[in-house]
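**Q** Quick one: this structure, given as structure tokens, is what I'll be asking you about.
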Amino acid sequence: LFDGVYPFYPQQRKAAVFDIRTIIVIVVILVLACSFLLIIPGIRGRARLYWTLRVLLSLFVGVVIVVVQFTGDWETGWVQANTSYKSFSPVQVNVDIGLHIGLAGVNVTLRGNPVNQINETINYNEHFPWNFGADYDRSYSEGLEKGLPSPILYVAEKFSTQSPCAVHRQYRIAGHYTSAMLWVAFCTWIISNILFSMPVLVYGGYMLLVTGAFMIFSLLSFSTVRNSPICLIQIGTRTLHVAYGGSFWLMLAIGLLCFVAGITIVAMHHLNLDLLKAFFDLREDKAEEYQEMPEVFVNPHFVNKDL
């Protein structure tokens, strides 16, 4: 016992709000975006709008591809229930229990209604990793040693390797291949930007199509977890159900956006190349394009000498 109570935390844990890696990626992209905005006044005419649209849209696609690698809302679920708070205790608490599944692990959130109950602050958010190089069962055992609340341990146990649900291996492999395909999509996104700056516009459009294809492949890879039998998570008299979360739908939207942009660029290359060059600020002046000869002034003195 810890001061006469069960061995829970001496100080209450605070719920995590943001992942540090996500903040770093967002800050880097914001620095690049702000640096570009500083040179916007130096671009004249309608090209200023085109440059702003292209750069900000490209940066948005890149930051989404990287950030979703670290988010924990590929699948989410919430349930409100009355349940026991501590092991070997008949005390019931009213809580919101959240399950957030990402590519690298699962987060279990426990929040009281109200937060202060039974002389304690009930506000937990615990992460259990399953990515390659991490030991999920060890993390779960450490949670047992810490004395985490019973609802958190119950939900986390469903994803352990010893659980009858048998979903640990499926989620781990699906998350691994989804992450790998997203990194490939990030590389093709970089190549597309290089091709646009060379400029080789049609090949940049093709690489945008490849980027969108790998995004869709990553979603299909993660969706394979649905092939496993769904294990019910019963909390008191309520059942916790999970559905695709914000990261999944955001990646689907960005993948479709890359498809639309790639198809548009390739179509404009074959149908209206001048409009495509104007959008990428590559349109040449007519005098230079056709190499027109300016008006020539001849000195009569040299004409009289037959020169």
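Each Cβ is built from the backbone N, Cα and C atoms, and glycine gets one as well.
Okay, these came from TrEMBL:
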TRANSMEM  20-39  transmembrane segment
TRANSMEM  51-71  transmembrane segment
TRANSMEM  91-110  transmembrane segment
TRANSMEM  177-196  transmembrane segment
TRANSMEM  202-222  transmembrane segment
TRANSMEM  242-267  transmembrane segment
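I'd like these features described in context: how deep, what's nearby, how far apart.
**A** Outside the transmembrane segment (20-39), and at least 6 residues removed from its termini, the chain residues within Cβ reach (under 8 Å) are 55-56, 59, 62-63, 66-67, 70-71.
For the transmembrane segment (51-71), the residues of the chain that approach it from at least six positions outside its boundaries are 19, 21-22, 25-26, 29, 32-33, 36, 40, 43, 102-104, 179, 182-183, 185-186, 189-190, 193, 196, 211, 215, 246-247, 250-251, 254, 257-258, 261, 279-281, judged by C-beta separation under 8 angstroms.
Counting same-chain residues at least six beyond the ends of the transmembrane segment (177-196), those with a Cβ under 8 angstroms from any Cβ of the stretch are 54, 58, 61-62, 65-66, 68-69, 103-104, 131, 203-205, 207-208, 210-211, 214-215, 217-219, 221-222, 251, 280.
Remote same-chain partners of the transmembrane segment (202-222), defined as residues 6 or more beyond its termini with a Cβ less than 8 Å from a stretch Cβ, comprise 61, 65, 74, 103, 174-175, 177-179, 181-182, 184-185, 188-189, 191-193, 195-196, 248, 251-252, 254-259, 261-266, 269.
For the transmembrane segment (242-267), the residues of the chain that approach it from at least six positions outside its boundaries are 57, 61, 64-65, 68, 71, 73-77, 99-102, 182, 201-202, 204-209, 211-213, 215-216, 218-219, 222, 276, judged by C-beta separation under 8 angstroms.
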